[in-house]
Amino acid sequence: MDAFFEPIAGATGATVDQIKLIFCLLFSYPLGSLYIRIPTSHPELKHIFSIAVTFFYLGPILGLWGGAVQLLGDIVGTYYIAQRVQTKSMPWLVFAFTMGHLTISHIIRTFAEAGYETIEISGPQMVLTMKLTTFAWNILDGRRPEEDLDAWQTQQRVADYPTLLEFLGYACYFPGFLVGPYLTYNDYQALITGSLYKSAEEKEEQAVNEAHHLSQRLVPHGRKRVAFKKMFIGLIFLGLYVLFWPEFNFSLTIEDAFESRRLISRIIFLQICGFFERTKYYAIWTLTEGASIQTGLGFTGYTEGGRTKWEGAKNVEIWKIEFAENNKVLLDSWNMKTNVWLRECVYKRVTPKGKKPGFKSSLATFATSAFWHGIAPGYYLSFFFFAFVQTAGRLARTYLRPLVLPANYVGGRGAPPPPQTRKKQLYDYLGILTTVMLTNYGTLPFMLLTIDDSFVAWNNVMWYGHFFIGGALVFFYMGGSVVLHHAQAVRVKQAVYQMEREEINKTVQVRSVPSTPSRAPTLPPVDQVAQELEKELGNLGGASGHGGGKNKKKKQAATKEE
């Protein structure tokens, strides 16, 4: 079928493989309209439909006949391992089986020197690996007592083992098979049976009854509107990529013409390249999200205005990435489904029961993410760099951020957002600028892949990311954190003192009003905010913390005397 795609590739400047992938993503939209019309009373037809479409994409369209057989082997192998191995090691056997095969595919891709523009089996295999390992853990959770599970594990546990057809339908769910997003088995079953829309039944039934035409398939309204909006957004980013990526991409940063520019021009050019490198990911993930919604996946309820929400298939938050105030917000908004997989199937699972995740859990998650992406050294350079970026960001949030917030602000879960003072706004703007610059700098090796090209590119922008992060870590670990910690302790003390003075003044004013009190007036207790601040002050380390305890005892004695 290459003859059909070659003229389009020639006209757009893209490769034939890239045109084939976009065709599959767009063709999934009309197929999704057919898929959702298959009645829920015949789930076997939905399974067969997905399987047929997926292998049509892999074989006749993409020409990955051998790869299709390999993926089928992964699916069937996982099905029987999870069914027959009854021990707690079952998910780890599935993990070794699928990740081992994926690593072999990555090795073959690396030695074949296949670039990002080449479509081969490792891409769909990465998505399938997440599905199969998640399924294995869901099966194990279904065999464990519910009281031993957390909320996510309880929600996703699979107690009844599926038939082979059901499992093949899940593994081959066509809109997300090639590039994601992946979904859990229970999410797939909720889509197949229609239970995904149970929360919408009463609202939708009332609407259709009032219109006097009760529909046989109860799918919340607004699905097409959201799906085609996603398709429109995806096509916009695809157009940006086609038009501007040839002139603004990371491979240009290792050329002599780039090195001849002034340093400030090189740094600015790098930021522009970073955006256009991300547009291809925005395009394919948004297109596949819309195709998933077209099949009915992703319904998450209603907005306050009564419109339906379809956020369950989302894999990227574009606005939050481009304007992330810190690295954590950016990572949480990028490849979101993969983050869930790493958290639920690696980070939590390697942590011994009764203990909190620590360094070993983080290291195992880091290694899994790196091997999942591939064996190219550029991946590891990027991950290693971003590990230090996260450390520096955490230190800045702990010691620097409190200084731009009101001293009497008490954060924590459930706390209201901090007031947007001028200092806080400036801090956020600087955070956005820093995050974007570090992201574009750190992803250079991820896209260039080789060590030599990565070092050349970093050298051409004067290693600014390393100097920035290295300088920040030296500052915090060489005494800066102590200085900032002390400065915040002084601000908290002053805030507590000021609040106590205000309480005393109120008491004096009350006493000055002629009255016949029923009992002797006493000093009102310090309000809850001040108590929380004093508690934080008491937890501060160093000599100031011990002194705070003595002062607290003196205050209690003074209160008793009054």
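Glycine is no exception: its Cβ is also placed from the backbone N, Cα and C atoms.
Listed in TrEMBL:
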TRANSMEM  19-36  transmembrane segment
TRANSMEM  48-72  transmembrane segment
TRANSMEM  92-112  transmembrane segment
TRANSMEM  227-245  transmembrane segment
TRANSMEM  370-389  transmembrane segment
TRANSMEM  429-451  transmembrane segment
TRANSMEM  463-484  transmembrane segment
COMPBIAS  508-519  compositional bias 'Polar residues'
REGION    508-562  region 'Disordered'
COMPBIAS  539-548  compositional bias 'Gly residues'
COMPBIAS  549-562  compositional bias 'Basic residues'
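Comparing 19-36, 92-112, 227-245, 429-451, 463-484 for CB pairs under 8 angstroms to the transmembrane segment (370-389), the maximum falls on 429-451. Listed by sequence, the residues of this chain that lie at least six past the ends of the transmembrane segment (92-112) yet keep a Cβ under 8 A from its Cβ atoms are 70, 74, 77-78, 81-82, 85, 120-122, 125-126, 128-129, 132-133, 135-136, 345, 368, 371-372, 374-376.
Same-chain neighbours of the transmembrane segment (429-451): 116, 249-251, 253-254, 267, 270-271, 273-274, 277, 322-327, 329-330, 376-379, 381-382, 385-386, 389, 457-458, 461, 464-465, 468-469, counting only residues six or more beyond its ends whose CB sits under 8 Å from a CB of the stretch.
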